């Protein structure tokens, strides 16, 4: 039969709550229906039950609370070489974020395909890389030989190109190229082949003779038109013209690519081409350096790629163009900007509000009124006072009865005082006053002026003062209370 609260022993207690690492437990008693609350320190997050209640069977409900270190975001691992990925363009990733990496067609991914952001700000694996595949040993078409490059037999890298020519006694109307298209090789054009040279006698259409019989002229038809082999087309380029003897090929490159080599080549009488085969290389601008007191947030010095963007540090403003692009002529669209300090009005000092204060030594504390028309009065950290250095910078010390271990610094930027560094003030402190038996102490700071309070378990009564203050001489006010 359910009988409600009347069946609970009024003197029943739960066990004393266990300490929580990197946090603290706030509670008044561990009698029936008492509650405990867990608060984690800065930089830690709570798991489990934040509030637990002492139940009638003598145990705390809920789950035990723990304070775990707060998760950190991961920085952008970046991309190297030909590596690609599917992810938003950002510099910080939340824990649990997955980045999937892949390589261009035919290239092999070495390493982990997926990176996961761990809770401690690190990635689950190192950055993978793209490796060029290799072809099998090249097999040349019949009656052909490799014209270039030399020492071609051990070259099997993806994209490698062998220029072919015909062996002695053989000819072709085209220029053949063998391309490594891993794992096999690809012939360009596929119709390229070498056939035996034929000594064809031209057909005589008509003849004429001079009266003396010393000169004979022949008129022939069906003469064989000779051509050079096709020299090929540069990657990212094009060519115009034909392959006949005496004809000229004209080469050009796509936008943002520059022609290197002979822009024109002529088919000569010996069926060889004049000049050297041109190539098309990506246009690249000179490297840029980050401006003094600034940085580059996006960068590419190749033509046709993303813009390069500049940004200044806090307290500085950009002078010049914020963005620039590498152009087709190999020059930047704008020169690098500079970062100049933000101009700030010097604050006025109201000397009329200075007043002396007496200490153990003959010293004066100056109360300085910051009446800057641009930044106004700053909000100072606790136990701090200001001293002015120049017109835009405040040096922050500590108040009376505090020692300045580290001097603070504030700077007027725009219309706001920004904290560059807070001061470190060490005050006189009292020893831990302790906890009365069957009672609790509230307050963990024992510096001069700090107050701790005391309470008793629900079944006990506090005798004495419930509050004690840390005095300047390093002792507590009043006597320690007890719980009866």
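Numbering starts at 1 and runs along the chain as it is shown here.
Keep in mind that glycine also has a Cβ here, set from the backbone N, Cα and C atoms.
Taken verbatim from TrEMBL:
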type: DISULFID; residues: 40-67; note: disulfide bond
type: DISULFID; residues: 74-117; note: disulfide bond
type: DISULFID; residues: 103-130; note: disulfide bond
type: DISULFID; residues: 253-280; note: disulfide bond
type: DISULFID; residues: 312-339; note: disulfide bond
type: DISULFID; residues: 456-483; note: disulfide bond
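Sequence features, as recorded in TrEMBL, placed on the structure.
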| residue | record | Cβ contacts under 8 Å, 6 or more apart |
| --- | --- | --- |
| 67 | disulfide bond | 20, 21, 22, 23, 38, 40, 41, 44, 45, 46, 47 |
| 74 | disulfide bond | 92, 93, 95, 97, 117, 118, 121, 122, 123 |
| 103 | disulfide bond | 82, 83, 84, 109, 130 |
| 253 | disulfide bond | 234, 236, 237, 238, 259, 280 |
| 312 | disulfide bond | 291, 293, 294, 318, 339 |
| 456 | disulfide bond | 29, 436, 438, 439, 440, 462, 483 |
Three-state secondary structure, which DSSP defines for residue 103 (disulfide bond): coil
Where residue 456 (disulfide bond) falls in three-state DSSP terms: strand
Cβ neighbour count within 10 Å of residue 280 (disulfide bond): 21
